[in-house]
Amino acid sequence: MDGNGIGSTGKCPVMHGGNTAMGTSNTDWWPNALNLDILHQHDSKTNPMGPGFDYRRALQGLDVTALKRDLHALMTDSQDWWPADWGHYGGLMIRMAWHAAGSYRTADGRGGGGTGNQRFAPLNSWPDNVNLDKARRLLWPVKKKYGNAISWADLIILAGTVAYESMGLKTFGFAFGRADIWHPEKDTYWGAEKEWLAPSDSRYGDVADPASMENPLAAVQMGLIYVNPQGVNGEPDPLRTALHVRETFARMAMNDEETVALTAGGHTVGKCHGNGDAALIGPDPEAADVVEQGLGWMNHSTRGVGRNTVTSGIEGAWTTHPTRWDNGYFDLLFGYEWELRKSPAGAWQWEPIDIREEDKPVDVEDPSIRYNPIMTDADMAMKMDPIYRPIAERFHRDPAYFSDVFARAWFKLTHRDMGPKARYLGPDVPQEDLIWQDPVPAGRTDYDVAAVKARIAASGLSVAELVSTAWDSARTFRGSDMRGGANGARIRLAPQKDWEGNEPARLATVLGVLEGIAAETGASVADVIVLGGNVGVEQAARAAGFEITVPFAPGRGDATDDMTDAASFDVLEPIHDAFRNWLKKDYTVSPEELMLDRAQLMGLTAHEMTVLLGGMRVLGTNHGGTKHGVLTDREGALTTDFFVNLTDMANVWKPADANLYEIRDRRTGAVKWTATRVDLVFGSNSVLRAYAEVYAQDDSREKFVQDFVAAWAKVMNADRFDIA
């Protein structure tokens, strides 16, 4: 027999090659091997829409007025299978949108609501997202009706925004343009814990110091969006919680005023659910039985819906009128003294010591019954923290100001990961430019590109100087939140001009020349920087025997200091760059893993990463002019020498120091070159070696140049949403 059980009574009569629950994977055998999967996500093999589908074009056929009308109607169309609290789904839809957008973190730009990732694991099954599967299922008839003209990503955020409008808030605006993904994201690190809601301590150097939370995380526990509503590790202490609220919201790009506004505005409507026994709740959607059809947390033992729903375990509404936008949150927060109590589900919550009957919210099903309002530990932080309280008091005194600040903060929360305003679509896009959008003015397109290139070529700047400067300007781009990139030429502004990774002294010299050329020709500095890199690449290709023109589209603008929130760019500072063979310091994560992470953020595939790194090495662009990995005696020529010499068995590779290796002549033992781990991994990893061997072949010299130029142009244009 062949071991597959074919022909054996009682055994599985199918091959096990495609079985998802059995067998041993490569990752099981070699858990520490470099995993390139994060570079191979979201391609045509998983996307059912086909290569010709363009969501931005599909949006042009969307009847936005009709869609919003249908969403308004949905809010009060209660369904028996999941009844609306007080007959209004607004609170549920807002929580869905909040928890989609609120997973964003500034450190790497990942998370957020820009991809519809809440539909997939792990987010669809997070403890903090209990019963949001019901919100998305309630939206399904709307999605079904409008089809491909509206993505799930846009619909989820729009539903939350319309929910606020339906309850009386004048919102700041809304932009369409979020395209869906079709499988779970593999690149986002949510933490190392192996259990939901594991104690916070493992993700902090010291849990008493919120700033010591592990980067890039922005939530206090695995499976939460930001803080534990019952207190740090479930132990109520509003002043302690306030410190963690401040840190987690800062990691979501929010200042103190925005934090108070979002907390209060998010809790002005809706309620918490904990009127029942959490032990009766079934498994999450990913673990639920097939008969649940993608829903989770089902209660088949008791009623489990309406007033008997269990979600967070906390039970009650924050305000007297939970389906109405008003200032009731602050009225109750400051109007009463509060004490700790336990919910029916056993969760800690704050309730008023003594409250007028008319200030109590009514039952979600029977308006003749009233219950105490509640506050979470985070809500009490708004009252007790010495920084948050004055902000909350101002909001209490000035409801119009509160509404405006909240509307703006909600817009920021739900659009922060969309990138610049050029990506916004739809009739409700606000006219006002906001500094967190990293605005860039339009650049000229009517100048003589050939004349600019001629001036650059005659400037005396070397290939390495031109290519390095263009690369440093463009490499900040992150496909996660669409920030960074060459457009705007912010490399000449603080803080980028002073970043160690940009070699400030060298950068200032090169920029001095390029800025002069820009002034003389009418081109933007941003365009001239990119053109400089293109000129360098073309010169290097010519030195290798190939004439090629790097694609270029003029029109980049130059940002100013007034358009730049310098502090917000700190998270974009490169602390490593494998393409320029540089590490700011030693890290616990291996250099090759850091390389993969950066390549993924830049939107590169594995073969694009390979060809770019090999090309950058022979162009002599290493940080500080080091020679590590420069495996050529023709530096400055765009040759395949890096791959030829890396794969040459006439050489041997010996460790010389931490992250430093010597490449020696196998016969004589003479040192020929030095290299780092990110160089040698292209010969040691089986997949990367396969790519390296392609470019080392004798018939691949021209292919290498063509592939390098294509990948280079992709990096230079990654942020050109104005021409996409």
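Numbers here mean position along the shown chain, with the first residue as 1.
In case you wondered, yes, glycine gets a Cβ from its N, Cα and C as well.
As written in Swiss-Prot, here are the features:
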- HIS99: active site, proton acceptor (ACT_SITE)
- HIS267: heme b binding site (BINDING)
- ARG95: site 'Transition state stabilizer' (SITE)
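Cα of the residue listed as 'active site, proton acceptor' to Cα of HIS267 (heme b binding site): a distance of 13 Å.
The two recorded residues, ARG95 (site 'Transition state stabilizer') and HIS267 (heme b binding site), show a Cα separation of 10 Å.
In this structure, of the recorded positions ARG95, HIS99, the smallest number of CB atoms within 10 A of the CB marks HIS99. The Cβ neighbour count for HIS267 (heme b binding site), using a 10 Å radius and every protein chain shown, is 24.
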